[in-house]
6 protein chains.
Amino acid sequence: MSLTHFTPEGDAHMVDVTDKSVTTRTAIARGQVVMAQHVIDLIKSGQAKKGDVLSVAQLAGIMGAKRTADLIPLCHPLPLSKVSVQLELNDRGVAIEATVKTTGQTGVEMEALTAVNIAALTVYDMVKAVQKDMQITDIRLVFKDGGKSGRFAAEE
Amino acid sequence: MSLTHFTPEGDAHMVDVTDKSVTTRTAIARGQVVMAQHVIDLIKSGQAKKGDVLSVAQLAGIMGAKRTADLIPLCHPLPLSKVSVQLELNDRGVAIEATVKTTGQTGVEMEALTAVNIAALTVYDMVKAVQKDMQITDIRLVFKDGGKSGRFAAEE
Amino acid sequence: MSLTHFTPEGDAHMVDVTDKSVTTRTAIARGQVVMAQHVIDLIKSGQAKKGDVLSVAQLAGIMGAKRTADLIPLCHPLPLSKVSVQLELNDRGVAIEATVKTTGQTGVEMEALTAVNIAALTVYDMVKAVQKDMQITDIRLVFKDGGKSGRFAAEE
Amino acid sequence: MSLTHFTPEGDAHMVDVTDKSVTTRTAIARGQVVMAQHVIDLIKSGQAKKGDVLSVAQLAGIMGAKRTADLIPLCHPLPLSKVSVQLELNDRGVAIEATVKTTGQTGVEMEALTAVNIAALTVYDMVKAVQKDMQITDIRLVFKDGGKSGRFAAEE
Amino acid sequence: MSLTHFTPEGDAHMVDVTDKSVTTRTAIARGQVVMAQHVIDLIKSGQAKKGDVLSVAQLAGIMGAKRTADLIPLCHPLPLSKVSVQLELNDRGVAIEATVKTTGQTGVEMEALTAVNIAALTVYDMVKAVQKDMQITDIRLVFKDGGKSGRFAAEE
Amino acid sequence: MSLTHFTPEGDAHMVDVTDKSVTTRTAIARGQVVMAQHVIDLIKSGQAKKGDVLSVAQLAGIMGAKRTADLIPLCHPLPLSKVSVQLELNDRGVAIEATVKTTGQTGVEMEALTAVNIAALTVYDMVKAVQKDMQITDIRLVFKDGGKSGRFAAEE
C-alpha cells in the first residue's frame, strides 16, 4: 500500500482527479476545546451580551473552511456549496462541529476539519488570557458521504 | 473578570496594544496526530524516499504560522523573527512541536498553536486515504516568555 | 420573514446551495467617489501620462472581485467567468461600474459590489494627500440576472 | 501639485517612507448602509437571537482592516495595534464606524476605510435577499492623527 | 490584431469566457535556476538528509499554482484537478517542470508558469546565502492541450 | 559550509533573526520577457491607449512584492517601506526592474525578485494569445545593501 499524495518516485503532488466523477459530497468533523470551569462560566456569562466567544469562533470556522486549499499544500481548491459550524458549551469546555458540502471531484473532509481547527483556535485566542493550559483535542471526522470511497460514519 | 477581546459594551475588537512595550517574545506549542500502527509504518517507510509526509507537514506548519492573523479574527498582525516546526513519529502517531519568536507588542502563542494545527491537518490529509478515524489531539501551549504576563511553562 | 444567512436557531452559516441549479448569472453594481474640482482636475491631468489613477483603480477592482469570498464571511467561493470595471470622471468625481458573470449556483452581486468598493478605496488612496474629506457613496446594485429570483433592474 | 503615488515619469509606485519617523497614528472612518424600514426591523428582531447581522459584519470589518495592503495596490503593509468596528441601527439603516491605530511610518486611513467598506458589504450580503435596492453610502474619514500632516477632524 | 485583455476602448478586463465550452485542459511549463557548481554540490549533499532544497521548492511551486488568480490580475480563478512540480539537478543548477490540469473554460498555462516561478524563487531563497549572482531563466510553456486553440508543443 | 534554512538535523525552518540589528535594507532585481517583434509592436501600439500591458504588469509586480512571505515558505514576513517596478520595451521584449526597501532584520532580495517574477508573468499572460513561445529569463539580483553581509552590486 502507498500514499496517493506521493508519486512512485517519491515526489509530493496534488493528485490527478481529472477523471473522477462530479458528485455531491458531504463531510462532518468534530473537535473539543478543553478548559476550566471558570472559563466555561465566563463564556456562558458573555452569551447574554451582544458579543459572544462562540459566534466569533463560528464565523472564523466558516471563513477558515474557505481557506483550506491555501493552507493544506496538496488539497485541491474547490467551490463549497454549504458550510456550517456549531459550537456549544459542554462540561469539558466548547464542543465544535462543522458540516461542509460540495459538488465536485474530491471530498471535503479537510474543509470540515479545517473549519473545526480554526474555530477551536479562535475560542482559544479569546479566552487564553484567563487560562494558559487549555487543550484543543479530539478533532476527527465523524461522517463522510459521496465519491468512490462511499459513506463513512464514525462509531461514537 | 472579563474577556479582553470584548469591550464593556460587548463588542468584539482587536485589543489596543499601542502602549505595550516592544519585547522579544517566544511561544512553544505541541500537538499529536493519533493513528493506527500500519499508518505509522507507512509514514516511516516513506522517510527513506525523497518525498516525506513529515517534511511536507513541517513546511505547511511554518507557512501556517505566517497566516495566523488572517485566520484568527482578533489576532494582531505582527512580523515573526523565527518559526520552526518539528515532527516525529512516536508510538501513537505523529508528535508536533512549533516554536515561534517575535520582537513586538503581543505574544505569539496563537502563531505557535496555528503552526501545530496546520501541520497536524497536513499530516492528516496525506494519510487519510489509509485510515479514516485518526484524531488530532492534545494541542496546547507548553512555553511562553516575554511581555507583561511573563514566563509560562506547562507541567508535562 | 427571516434572513437566510441564519439558521432557525440563530447561527450564522453559509447557505446550502447544493441543490440549486447551475445557471449563468450576471450582476452590475455602481458607485461614486465624491471629490473637489481641483482633485478631479488633477486626475484628469494625469490621464495624459503613463500612470493613471483610474487604471490603477480599475485593476484593483478586478482583483478585488476575485477576493470576495475571502472578505465576506458567508459568501460562497465561486469561479468567475468575466469581470470588468469602468471608471470615468464626472462632475462629482469618479463614477465606477463593475460587471461580473459566473456560471454557478449563486449570484455575483457581492462580487460586483466588492469590485466597486475596492476600486473606490483605491481612487481614494491615490488622491487622499490632496483632499481629506472625500466621500465614497451611492454604492448599489443596478442589474442582476440569472438564478431563481430572476432579473432585477434598478430604477435610475 | 502632483500625486505622490506616481513618479515624475508617471509610474505608479509604493511611496518611499523609509525616512519618515515612526509615530503613533490613529484613523477613524464612518459609513452608512441605507435600507428600508422593514429590513431595519428584521435586523433588530435578530439581535435578540444568538446570531446577529451586526456582529457578523463587525468581525468582517476587523478582518478586512488586516487585508488592506493586499487589496489596495499602493498601500504599505504595516502592523496594526488596534482595530475596532462599531455598527448600530439608526433610522436610515446601519451606521458603521471603524477605529484603527498603528505605530509606524504611514497612516491608517485606508485601513479604517477598508474596515467600514467590508463591514458594509457584509451587512448588505446578509440582508440582500429581502431588499435589492439598498445603498452603501457616506463613507468618509472623520478623524486622523499622527504623522507629519498632523490632526484632521471632519466637520460633521 | 489586438490583445484580448483590453476592450476596444483600452480598458483592462477579465475576458468573458461564459460561453466557452468546458473541456479538460493541460499545461506544462519549464524553467531553470542557474548556479555555481559549489552550490549544486551543496544542494546535492543535502538530499541525503531529511530536509531538502528541492522538496521545499516543489511544495512551494504546487501551492503557488493555487494562488495564480490572486497574483495575475486578469487571470480567471478556476479549480485545478492536478498539479505536479518536478525539480532535478543538472549541470547548470536546478531544472524545474510543472504540470497542471483543469476541467474548465480557460487554460492553465499561467498556473503552470506560476508554479515554475515560485519553485524557482524558493530554490533561490534557500541558497542565496552562498551565491549572490544566480539567475532564474528559460521559463517557458512547453506543452498545452484542450480548448479552442488546441494543442501546442514547443520545439526543444 | 551549510544552508541556513536547514537545522543541523536537516529540518527546514525560518531562520531566527531575533538578534539581528534593524537596519535600512535595499534590493534591486531585474528580469526580461523575451518575445517576437510583432508582439513588441503590439504592446507599443497599446501604450497610446488608456489600457497598457506595462502598467498592468507594474501594478501586479508591486502587489506581488507584498505577497512574498505568503509565497516563499521560509521567507520572513516584514513591512516594506518602498516598492517600485519599472518596465520598458527593449529590442528583445520587456525589461523589468524592481526596487524594494525595508527597515528590518532581514533583506528584501526575495521581495524584489518576486516583484520581477510576478510582473513578468503578468506581461506573459496579457500577450500569450499572440505568441506561445515567449520566455521569461535573466531574473537576477543586481544590487543589495544593508545588513551584516553588506553591499552587493552585480557586474553587468
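Just so you know, glycine gets a Cβ as well, placed from its N, Cα and C.
Database features, via TrEMBL:
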ACT_SITE  C:Asp125  active site
BINDING   C:Leu74, C:Cys75, C:His76, C:Met110, C:Glu111  substrate binding site
DOMAIN    C:14-147  domain 'Molybdopterin cofactor biosynthesis C (MoaC)'
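Under DSSP, C:Cys75 (substrate binding site) is assigned to coil, being neither helix nor strand in the three-state scheme. If you count neighbouring Cβ atoms within 10 Å for each of the recorded positions C:Glu111, C:Asp125, the highest count belongs to C:Glu111. Each residue contributes its Cα atom, and for C:His76 (substrate binding site) and C:Asp125 (active site) those atoms are 29 Å apart. Whole-number maximum of the Cα to Cα distances across the substrate-binding residues C:Leu74, C:Cys75, C:His76, C:Met110, C:Glu111: 13 angstrom. Filtering of the recorded positions C:His76, C:Glu111, C:Asp125 by Cβ separation from chain A (threshold: under 8 Å) yields C:His76, ordered along the sequence.
Around the Cβ of C:Cys75 (substrate binding site), the same chain contributes C:Met14, C:Thr68, C:Ala69, C:Met110, each under 8 angstroms and 6 or more positions distant in sequence. Long-range neighbours of C:Leu74 (substrate binding site) (same chain, six or more residues apart, CB within less than 8 Å of its CB): C:His5, C:Ala12, C:His13, C:Met14, C:Val15. For the domain 'Molybdopterin cofactor biosynthesis C (MoaC)' (C:14-147), the mean pLDDT of the prediction comes to 94. Listed recorded positions: C:Leu74, C:Cys75, C:Glu111, C:Asp125. Those with a CB under 8 Å from a CB in chain D, in sequence order: C:Leu74, C:Cys75, C:Asp125.
If you draw a 10 Å sphere around the CB of C:His76 (substrate binding site), it holds 22 other CB atoms from the protein chains shown.
Here the C-alpha separation of C:Asp125 (active site) and C:Glu111 (substrate binding site) works out to 21 Å.
Under DSSP, C:Met110 (substrate binding site) is assigned to a helix (H, G or I) in the three-state scheme.
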